[in-house]
Each structure stands twice: as C-alpha cells, then as structure tokens.
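Features of the protein shown, as given by TrEMBL:
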| type | residues | note |
| --- | --- | --- |
| BINDING | D67, V70, G72, D74, S76, E87 | Ca(2+) 1 binding site |
| BINDING | P159 | substrate binding site |
| BINDING | H189 | heme b binding site |
| BINDING | T190, D240, D248 | Ca(2+) 2 binding site |
| DISULFID | C35-C113 | disulfide bond |
| DISULFID | C68-C73 | disulfide bond |
| DISULFID | C119-C317 | disulfide bond |
| DISULFID | C196-C228 | disulfide bond |
| DOMAIN | 25-321 | domain 'Plant heme peroxidase family profile' |
| SIGNAL | 1-23 | signal peptide |
| SITE | R62 | site 'Transition state stabilizer' |
Amino acid sequence: MTASKLLVVSCLFLALLLVQVNAQGLKVGFYGKTCPKAEGIVRKVVFAAMKKAPTLGAPLLRMFFHDCFVRGCDGSVLLELKNKQDEKNAVPNLSLRGFGIIDDSKAALEKVCPGIVSCSDVLALIARDAMVALEGPSWEVETGRRDGRVTNISEVNLPSPFDNITKLITDFGTLGLDEKDLVVLSGGHTIGIGHCPLMSNRLYNFTGKGDSDPSLDSEYAAKLKLKCKPTDTTTALEMDPGSFKTFDVSYFALVAKRRGLFQSDAALLDNSKTRAHVLKLARPHGSTFFHDFGVSMVKMGRIGVLTGRAGEIRKTCRVPN
C-alpha cells in the first residue's frame, strides 16, 4: 500500500472512530424520563404541517442531511447571524424550507419540558416523521444530541449534484458512511424536485462542445429538453417522475435505466459496489430500501454529535443561548 493510500485509510478510520465515540451518548428514548411526550409532541406538529403542505417532506429530509454534513448533527444549519454569514445563507441551503416546523415543534416542547430537548434532536425527529407522513419508512431515532453554538457560511461544502462517484464515496467515507449508505441515502431523491439550471450542462453542454451527457438515456434527455430550454432558470423537475410525492423504490429503477436526474444519481452506476446496491434496491418485490434507509439515517445521525456537557440546549433554534 502506498503512503498516500495509507494516509487516506488512516483518515477514514479516525473519522469513523470519532463518530462512534461521540455517538455513545445517544440512545433511543433519551427523553423517556425527562420529557416522555417529546416524540409525540414533535410528531403532532409535523403531521399537521405535512397534511397542509406534503411537498415539505423533501426539504425537511434534506435539512437534516445538510446539518449533519457540516459540523456534524448539531443544529448549526438552523442558526441565523445578523451579518448573514451563516450556513442557512450558503447557496446549497437557500432552497431549504420548513424552518417554521422546527420553530413550532421547539415552542411546543418548551411549554411542556423547558430547556430539555435540543434543536438538533428536533431536526432528527422531524426528518423521520416527515417520511412517515409520506407513508415512507419509519425508524427509531437515537436522541441525546446537544446544540452547537457556531455557524459559518464558509464551512458549507456539501456533496454536489455534479459530483462523480469517486468524490461522492470520498466525501461520505470521511464521515464514516460507506458505499451502501451513499446509495441508500441518495434514495431520498425519490421525493422532491430539482430545477433546470442543475441539468443544463447535462443536456446542452456536457463537455463544452454543445453535447449531452452520454450516461443519460437519450429518450429521457429529449423529454427533459422539452421542459428545460438552455436559458431556463426556474422550471421545476420531478426528481422521481410520476411518483415524486411518494417514498418508494422507483428512484432506483430510474437510475438503473440511466434516467437519474443529476450527475450524482447517474454516478451511482460507475462503481461496482454502488451499482450492485442500486440494482438490488430497484427490485419491485423484496427490496430492502425502507429498512436500509432507516439504518443509514441512524448512522448519519451520529456524525459529529455533541453529547454530555458539550454544546447547549437552545431555548429557540435560530439563536444560541
């Protein structure tokens, strides 16, 4: 093994070790004695909101993902600074919606159990409950996180819809997530929408020569071109055409047919391990997607958490105490 490869392996091992050590303070039912109604309170708020606006499911799921990938799952994506130099104002986060649901959940919790439940745990619970409201998977959420006090726009360096498979595997691996987690969590694209600017290069100028991405099914590309003209900056595209409001396995079937919307979706076929997971999860019968999604969400929810006496329990989620 070369020195550079050894260094990469060592870094990944240390990252995984850090995740495991910090996560030891988490457990299912953490608030069982201090705020036994906590999960029920959050669920009630989420279900009421999702009934009125079911399209909030995708942004709420993405919010948890974006929180965990920057500084760990510490609620830093919720913080607001007067100078706007916070994570919330970073370009990838400008499309996040549903912050009012976090506020409403926290306010309801503060009435019953003041100063007990962290905003980072609220966000983790909401991500799960939003999926349940869409008749998607459910899983037991580990709680016990505490809230961070820092948010910095310059630290937002999230996996991109334009990433290739090597970068995706590296970015996820650095945080203790493996190839299966990458594929399973990408399955979150079964709900929600993207917009034409994220597809423009794939359709019209993939290599700078006015061409389309050859990894994109030509028939699907032709349909997308009818919706997205080269200068279109506003038109929305269903991430999972035909069932973008439903949490199901059809996303993987589309990726397997080279009809993934983003380059990062198509990239899942460019590695033998990730490709095998895509094909397995695409099965219409016997797919383990719902179960696997819960497992990977729990794993992601352990990234860089603050527990014990670290951090704080915010009184309101938009500002530190």
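Yeah, the Cβs are placed from backbone N, Cα and C, and that goes for glycine too.
Closest to C317 (disulfide bond) by Cα-Cα distance, out of the recorded positions G72, C228, D248, is G72. H189 (heme b binding site) and E87 (Ca(2+) 1 binding site) are 22 Å apart (CA-CA, integer value). It is 8 Å from the Cα atom of C119 (disulfide bond) to that of D74 (Ca(2+) 1 binding site). Proximity of the residue listed as 'heme b binding site' to non-local residues of its own chain (separation of 6 or more, Cβ distance below 8 Å) is seen for M239, D240, Y251, G260, L261, F262, D265, given in sequence order. In sequence order, G187, H189, I191, M239, S243, F244, T246, F247, V249, S250, Y251 are the residues of the same chain, not among T190, D240, D248, whose CB sits within 8 A of the CB centroid for the Ca(2+) 2 site.
For C73 (disulfide bond), the number of other Cβ atoms no farther than 10 Å from its own Cβ, over all displayed protein chains, is 30.
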